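**Q** Right, I'll just put the structure down here and ask away after.
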Amino acid sequence: MPELPEVEVTRRGVAPHLEGQVITGVALRHTGLRWPFPATLSQTLAGRTVRSTGRRGKYLLIHFDHGTLIIHLGMSGHLRILPSDVPPKKHDHFDLEIGPQLLRLTDPRRFGAVLWHAAEDGSIENHLLLRTLGVEPLEAAFSAQWLYQQTRNRSSAIKQVLLAGDIVVGVGNIYASESLFQARINPKTPAHRIGLARYERLAEAIRQILAAAIEQGGSTLKDFIGVNGQSGYFQQNYFCYARTGEPCRICKTPIRQIVQGQRSTFYCPNCQK
């Protein structure tokens, strides 16, 4: 699943093509993806100008004066900017037409989403999918103190707390494993047993790893590609994720794989205590 870095890479890629541009049409090739497409989306967007783009966790936001288009890439989706005459393929479900170009959503597994939040319904932060999200890990509100305070009553394993998204948002399976490795914290450790000093290491690791992943175009394991059609290459720098049985890059101990909350977790049993 595309995580925060992949969505931010996508946002940065589409922003120059969308911001300030007038939507000339919308193409919907199914009734919906994970949820139905808004019934009047074509009429809602045609002739309107994109004011800005944003991101909240793993959600891409395209802002208009009268509301916000919310796009989620699901398990395997990606967005491309293409000439308007490029014919759609089997898994191309949604086009946002902008004159001679279009923004196309490709989603083979159809777990993504295209939704509309009208300005008259209040702040986009009030949307059902966004209202319970935690702080953004690359913004000032995220800190070791925040992690420490928010986890005093959380007995769940720290890896699962990071994935929950209600304390810090967008740190998915890949980057949670990598951040915990860099911070030298065992992913099974109950969150409330981690002290402020170790949360200092974890907060810094999360910031550094997410920033590096964005600069390297995200991670491409199966499906993700950037807006320009290029794959990300952060996966070349993994220390533990998807390296089961391989020697730790620090101490040579074999990387171990376990399952937490139906998700695979990778860690070094020697480096991460």
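Cβ atoms are placed via backbone N, Cα and C, with glycine included.
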**Q** Given 99-133, 204-238, 239-273, which one carries Swiss-Prot's zinc finger label?
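**A** Residues 239-273 are the ones Swiss-Prot records as zinc finger.
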**Q** Look at the active-site residues Lys58, Arg263 and tell me which residue has the greatest number of other C-beta atoms within 10 angstroms of its C-beta.
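**A** The largest 10 Å Cβ neighbour count belongs to Lys58.
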**Q** Pick from His91, Arg109, Arg154: which of these binding-site residues has the biggest number of other Cβ atoms within 10 Å of its Cβ?
**A** Arg154
**Q** If one measures from the C-alpha of Arg154 (DNA binding site) to the C-alpha of Arg263 (active site, proton donor), what distance in angstrom results, rounded to a whole number?
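**A** Answer for this pair: 19 Å between alpha carbons.
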**Q** Using a 10 Å cut-off between Cα atoms, which of these recorded positions sit near Glu3 (active site, proton donor): Lys58, His91, Arg109?
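**A** Neighbours among recorded positions, in sequence order: Lys58.
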**Q** Rounding to the nearest whole angstrom, report the longest C-alpha distance spanning His91, Arg109, Arg154, listed for DNA.
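**A** Per the listed residues, the maximum Cα distance equals 41 Å.
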**Q** Consider the active-site residues Pro2, Lys58, Arg263 and say which one has the Cα lying nearest the Cα of Arg109 (DNA binding site).
**A** Pro2
